[in-house]
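Trainee: One structure coming up, written as structure tokens, with questions to follow.
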Amino acid sequence: MDSNISIDLVFYNYLWYCYNIYDRLSKQPQNSLLKQQILLIWNSQLPSITMPTIIAENLSQNFVVSSDKTHSVFNIPIEKSENDDREYRLIKLANELEILLIHDPKTDKSAASMDVHVGDIHDPADLQGLSHFCEHLLFLGTSKYPKENDYFEYLNKHNGHGNAYTSAEDTNYYFEVGHEFLEGALDRFAQFFIHPLFNADCTEREIRAVDSEYKGYLQNDDWRKLQLEKSLCNPNHPFSQFGVGNLESLKEIPLKLGLDVREELMKHHKKYYSSNIMKLAVKIHYFEEPLDLLNKWVIEKFSEVENKSLQIPIPDGHPITKNELGNQISLKPVRDQHYVEITFPIPDQSSLYETKPFGFLSHIIGHEEKGSILSLLKKKGWANGLYSGPFYQCKGFELFKISIELTEEGFGHYEEVVEISFQFINMLRQLDPKEQERVFKEVQSIKAINFKFQEKSWSSYYVAGLSRQMQRPYPREWILSSPYLTRKYDPASIAEGLTYLRWDNCILTLSSKLLGELDKKERWFGTEYKIEPINEKLLKTLQSPTLHPELEVNPVNEFIPSNFEVNKQENTKPLEHPYLIKDTKLSRLWYKKDDRFWVPKVEAYFMLKTPISYTTPLHHVKTQLYVNMVNDSLTEFSYGASIAGLSYYFDSWREGIIIAVLGYNHKATHLLEKILERVKNFTIDPKRFAKIKAKLKRSYQNRLLNSPTSLCSYYASYIIGQNVWTIQEKLSVLDQIEYEDVQEFYPKLYRHMFFEGIVHGNANKSDAFEMMEIVERTLGSEELLPSQLISDRSTLLPVGKKYAYFKEVFDKKEINSAIHYCVQVGDKIDPQVRAKLYLVGQIASEPCFNQLRTKEQLGYSVYCYSNELVGAMEFRVVIQSEKDTIYLENRIEEFLKGLQETIESFSDKEYNRHVNALIERNLENDKNLREETRRYWRIIYSGYYEFNRVKIDTEYLRELKKSELLEFYKTYIHPKSSTQKKISIHLRSQNTKLINELNSIDVKKLHELISSQGFSDVTVEDLQGTIDTLKIQCVGLEQDEIESVKTDVIVTKIGSEVGMKVLEALGEMMNGLIEGKENQMPNGNLENKLDDSQKEKDEHKLSDENEIIDDIILFKTKMGLGPAPYPLFPLTSFYEK
């Protein structure tokens, strides 16, 4: 403890300890005297407690000591956007915790974020993943608030939520909550950094949770590639470590080394969780003198965070040294995709925040207009996309990458692709200084415009970003602006940056399923790879590349806006919805002038409805190919607009095509007109068509490799939707389509159409009319028949029926399965149904996570929500897990049974908290122009035009009684209800049988058997770790391969002699010769209503009430359909008055 902290603070801790005892005794009347004594001490001593004080000589620059000496205040104005109406105050407590206080007069929620400047590069080598594990366990109880779900329960009841993430050098915790509950949330939040419990009974469960999260990433190419790159870095640098963590790194390895993981975790927290390397950002809305009140709260709650005067260790050297440079890494991805990547080690750039040379180089190398690397590669048919920029920006080192998505032909020419990239870099070294400055000034201007008109975002995301920004070495007056502005043109720093982009200072990474002869596997994710020196011939070419004549820097950007007039009107009451200013048989146009945000931006969306775009899989795929070809052809033209803050959207949907322009309004109409001209008068390039067709095919095939929970969602949509084509149906017609077919087909899309759009933002009514007129004139469509405007419907489940659909996950190596348990309820246009079902979702959210994820450890991805279908609603519970999906369904139903009792147990106060939390969520204001537009667009797109639904639902919620909610729940959602309508989608791993067999092994019994044969050195943990490794190593293998891998793994991990005994015993157990224990059963202390015999009987058997869906088409044929969307109010009621 710092010497300047008063001894009263120690006593303050003791009082809190006493108060916790008091709180626990509060339900025991016999202890009333002890309670009174504790309260007497508390009330008499609390006023006399003094806070730690600032020592003047420790003051940071431009900070002044407060009058009470509890903190110092930054005394220079903080630079902010002209569009930012928030107030800021930067303070530093006596413990050196720097805090940014924010008053936002227009926000709906308060929020806070603490960034601790420690991440996975600070993990000990023998406990990799410890920082991530600390992030998980920190939430589960503190000395002051010992209940393990107290924090999330508090947030959930008060319209809030929280989360955290761990990166290489930061762990960031954040939350948002209803205004009046900020102090309570802050008090709970602060205790994570003062007195976390790290309960022993939670440790094992959260290690399992981290392991489940890790297993969810096993087939994710981004995670696989990242870990491979880390593993192949300088092994003496902590960047090379395994940051996610799993059962092996967090339990098995430490145990073998005699380490107590919980003790090591507490040491980690004690060592690194120091106030002087933490940054806190807190946002408040109301109260008189809000910053003063917030100032008081943070001093009271965070002064106790201990200051260890820690200097964060900066790793020596760079993750990429001369030993790694010049290597080529070839790896096989899970998905069918082809990439080549050039990685350059560069110095830490954090001190160059004024000039940002690599930000400039990222822009100029990554530009996509004529003359760019990408433009030339697309012309050759070798590439589809390119990214360039800094990667992993850490203290002491950074990486700069050029990543190119290749076509299959480009994969065969990857060396020439690399050569063209170096030709461009070499061209930059010889660039005319005036031309370089011209491009820089453009970039600088665009950044300044974007910062000037910066809009707000979600509260928790905003403070999370700020707390991390505060860790950067920006002058404190620039902590808001430095990430966005480039202040100085420094050609010397650009020239120095280019010196690092050299042929002898790089690593090549090649990724493709076409790669063969890969002789290695990465330890943690099992990625197949090969490492070898870069081809000598290629290196020689790269030393003096000849400039290709078509390469040049980006031209003058014609889309940079210069007119920012918004004609702001003071004291204007915002309109509640857009007006319908045009309503004909050909088109419908909605319009609203921005009256909330006053930014020079516009959002214009247009639906181009045509039934032929989706009538058959063939029509749909032709439409998608056409859309993709148009977007590909527009890249060079539209890229400048997107860089200048004006983007477009053009894509197909089930009822036609959607086109939109979004961003600065000055040149939005011009962009729309140019895009529509290309859309209507498009000539397909046969060579480019072949590349786009191949890319679409890979995209369809790769969707089948999505996560199990994503596939569950896909099949749920397919079963419930009236007219949905499967991925297989699309693939079946794709190969037969030639470019002539699409060229002949796409004009038919525009022969008969209905246009509906919205123009919202800094645009006059005449601008809106002009946009719609451009759409109508350019496309030249005739009217659709009224019957052609009827939208799709949803399948309605019969009352009292339960269905289950089973499908295997397509990826043979996917270890996880998933279930979506869907209960269909009522009609979405019924406000009473909406109010009740969304309230059920609000109440169920935290208990669902706490019970099924935290306590039962069913999987990392566990959640529930209320959802809207066409003509119906549903309540859905989602779990992704390596456990069997039938077991998961039974556990979901047990949770839903218990949820009724939870609601019944609510006091009026508890019930009203949930009601008010939902009302507050419904009434939240839009944060920016785009969010407001999308809200209107969703209402228009839905076809119901219910702009006042929030007001209506809120009125019902205010009157909704607990008894009415309970009756609704028992009637429609409870699994034992005779009127429940349920369908569950089970996506099962192809390895389910193997996983179930391994899960069924009684490890303790196996250990007893091995020990009885004289092998006492083998522990239960050794055996459990071996079985967990087998789960990962054996997935996707044939039976004979499994047996071989079993032998290798067991012998390697346990030893030859004992390993053979374990193999023999395992074989007997898995064949049923020794009775195995099913370890998927819930823990004995879990809250469920089945007795032990009933559990054993029912948990792995689907209820007989379920009807299995074997044929989806036959199932849908038998089901009824709900009503199609229709206007709930006469459209004339939305005409402008």
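Cβ atoms are placed via backbone N, Cα and C, with glycine included.
For reference, TrEMBL lists these features for the protein:
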| type | residues | note |
| --- | --- | --- |
| DOMAIN | 99-235 | domain 'Peptidase M16 N-terminal' |
| DOMAIN | 262-437 | domain 'Peptidase M16 C-terminal' |
| DOMAIN | 451-732 | domain 'Peptidase M16 middle/third' |
| DOMAIN | 839-937 | domain 'Coenzyme PQQ synthesis protein F-like C-terminal lobe' |
| REGION | 1076-1102 | region 'Disordered' |
| COMPBIAS | 1088-1102 | compositional bias 'Basic and acidic residues' |
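On this model, are these features tucked inside or out on the surface, and what's nearby?
Mentor: Residue counts of the domain 'Peptidase M16 N-terminal' (99-235) by helix, strand and coil are 62 helix, 29 strand, 46 coil (DSSP-based).
Taken as a whole, the domain 'Peptidase M16 middle/third' (451-732) shows an average pLDDT of 96 in this prediction.
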Trainee: According to DSSP, how is the domain 'Coenzyme PQQ synthesis protein F-like C-terminal lobe' (839-937) divided among helix, strand and coil residues?
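Mentor: Computed counts for the domain 'Coenzyme PQQ synthesis protein F-like C-terminal lobe' (839-937) are 62 helix, 19 strand, 18 coil.
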Trainee: Relative to the domain 'Coenzyme PQQ synthesis protein F-like C-terminal lobe' (839-937), which of 99-235, 262-437, 451-732 accounts for the most Cβ pairs at distances under 8 Å?
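Mentor: By Cβ pairs under 8 Å, 99-235 leads among 99-235, 262-437, 451-732.
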